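Here is what Swiss-Prot records for this protein:
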{"type": "BINDING", "residues": "Arg22, Glu87, Arg126, Lys460", "note": "(6S)-5-formyl-5,6,7,8-tetrahydrofolate binding site"}
{"type": "BINDING", "residues": "232-237, 251-257, 276-279", "note": "GTP binding site"}
{"type": "BINDING", "residues": "Asn232, Thr251, Ile253, Thr256", "note": "K(+) binding site"}
{"type": "BINDING", "residues": "Ser236, Thr257", "note": "Mg(2+) binding site"}
{"type": "DOMAIN", "residues": "222-381", "note": "domain 'TrmE-type G'"}
Amino acid sequence: MEFDTIAAISTFPGEAGIGIVRISGDEALEIISKIFRPFRKKDIKSVKSHTIHYGHIVDPETGEVYDEVLVTVMRKPNTYTREDVVEINCHGGIVVSSKILELVLKHGARLAEPGEFTKRAFLNGRIDLSQAEAVIDIITSKTMLANRYAQKQLAGVLGQKMKDLKNKIMELLSHLLALIDFPEEDVEELEREEIKRRAKDILNDIEYLIASSESGRIIREGLKTAIIGKPNVGKSSLLNALLKQNRAIVTDIPGTTRDVIEEYMNIKGIPIKLIDTAGIRHTDELVEKIGVEKSKEVLAEADLILFVLDASRDLTKEDYEIFDILSGKNIIFVLNKVDLPKKIDEEELKKLVGNGIIVEVSTVERTGLDKLESEIYNLVFKGKVSATEEEIITNARHREVLINAKKHMESVIEAIEKGYSEDLITIDVNGALNEIGKITGETATEDVINQIFERFCVGK
């Protein structure tokens, strides 16, 4: 596949020790030969692949030296894009790297679009679409566990899984086509039973992957953990204590928190998205009322609720009203302010909590926080919210595709059981095959491909 030559700054803009300008395409070596002056006189166009060269970037028209640089030459096909690639390592900072990029563009390159280097790697067959998505996940990973899964996907683990699944579906299709082409009444019933067995086997594989996607979402995006409670029970103090920094404003005035505050923390490799919410209560104050409504929206989407109660006060009607709207949620009851004289009725608390998890903490004295973190982690790994090393589906797009493939395979099994013709059954088998191809990119539409690469930054 032929493309023009593209270039972009691949490092984060701003003051830094090093900046990198990346060039990819057939004209990469020609362009660098015009603007690079190596200290050891050599023809940069004829140097060996994967070598580094020291010299100056110079404007050939004015003779002005832009910077002292290291130039890396990588020849196709053993490069990130499977094209000739040149990387200019210059001093960091917006001015130097921008001026070098301008010079590169002036001498024949085009400014790369977001994700275009990785898109070329995909279009040139170096990686599949799931591996391209893994690049984004590596860049945005919030913990080493999330990075580990993304690295597995980049290494092709998911692609191989899809290849194995695709082969199973193709074998099923070949059985069906054989029945269509060579119908024999005495063996047809046996063949249909074998086809049904294979279809169920494929369906089981797909269902296993779908089941893993909830754990994968948590590892990729974080466990959405809402800190809920009535005003002035210490929700913002709990957020600050868990983060070990003063992120939220804390006062003795009820209703201080008006908006939702989101921050990430890491518990043994699991990214935890902590969401501090406005205290839930009846109020006529407009801004606080909006905050309460936002709290209820967060509550509906949360994976886990930290329901904060005040140990220094009795349970109130507001506590019970909040508990009533938490039905069906994973809840840890956080009994805060245990450093103060305890006034909460223990029997009443037990009736409210039942068999639920209670953790006593003091955000003032920083006690009980390790216990709370352990309970959050245990909840993740006890199956209520699962996340195990074997799971590999971390992407919402992949989950949606697999759900569609599952529907096709369920239709295949139903059609076999109802005695439909092989011609009709093959329609859904081909449908499942088409869906699986969307994960690796073989059957993904151009719009889907473009949407994926638009999420990248320029230079990647």
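The backbone N, Cα and C atoms fix where each Cβ goes, and this holds for glycine too.
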* What average pLDDT is reported by the model for the domain 'TrmE-type G' (222-381)? -> 80
* Structure fact -> Under a three-state DSSP reduction, the secondary structure at Lys235 (GTP binding site) is helix
* Asked: Arg22 ((6S)-5-formyl-5,6,7,8-tetrahydrofolate binding site): which of the binding-site residues Asn232, Lys235, Ser236 is the nearest Cα neighbour?
  -> Ser236
* Entry from the binding-site residues list Asn232, Ser236 having the most other CB atoms no farther than 10 A -> Ser236
* Asked: Just how spread out is the (6S)-5-formyl-5,6,7,8-tetrahydrofolate site if you go by the largest Cα to Cα distance in Å among Arg22, Glu87, Arg126, Lys460?
  -> 19
* Have a look around Arg22 ((6S)-5-formyl-5,6,7,8-tetrahydrofolate binding site) and count the other CB atoms within 10 A of its CB, chains all included. => 24
* Using Cα coordinates, what distance in whole Å links Asn232 (GTP binding site) and Lys460 ((6S)-5-formyl-5,6,7,8-tetrahydrofolate binding site)? -> 46
* Structure fact -> A correct count of other C-beta atoms within 10 Å of the C-beta of Glu87 ((6S)-5-formyl-5,6,7,8-tetrahydrofolate binding site) gives 21
* Asked: If you measure from the Cα of Ser236 (Mg(2+) binding site), which of the binding-site residues Glu87, Arg126, Lys460 is the nearest?
  -> Lys460
* Please classify the secondary structure at Lys460 ((6S)-5-formyl-5,6,7,8-tetrahydrofolate binding site) using three-state DSSP. => coil
* Asked: Taking the Cα atoms as reference points, how far is Lys460 ((6S)-5-formyl-5,6,7,8-tetrahydrofolate binding site) from Lys235 (GTP binding site) in Å?
  -> 40
* DSSP-derived class (H/G/I helix, E/B strand, else coil) of Glu87 ((6S)-5-formyl-5,6,7,8-tetrahydrofolate binding site) -> strand
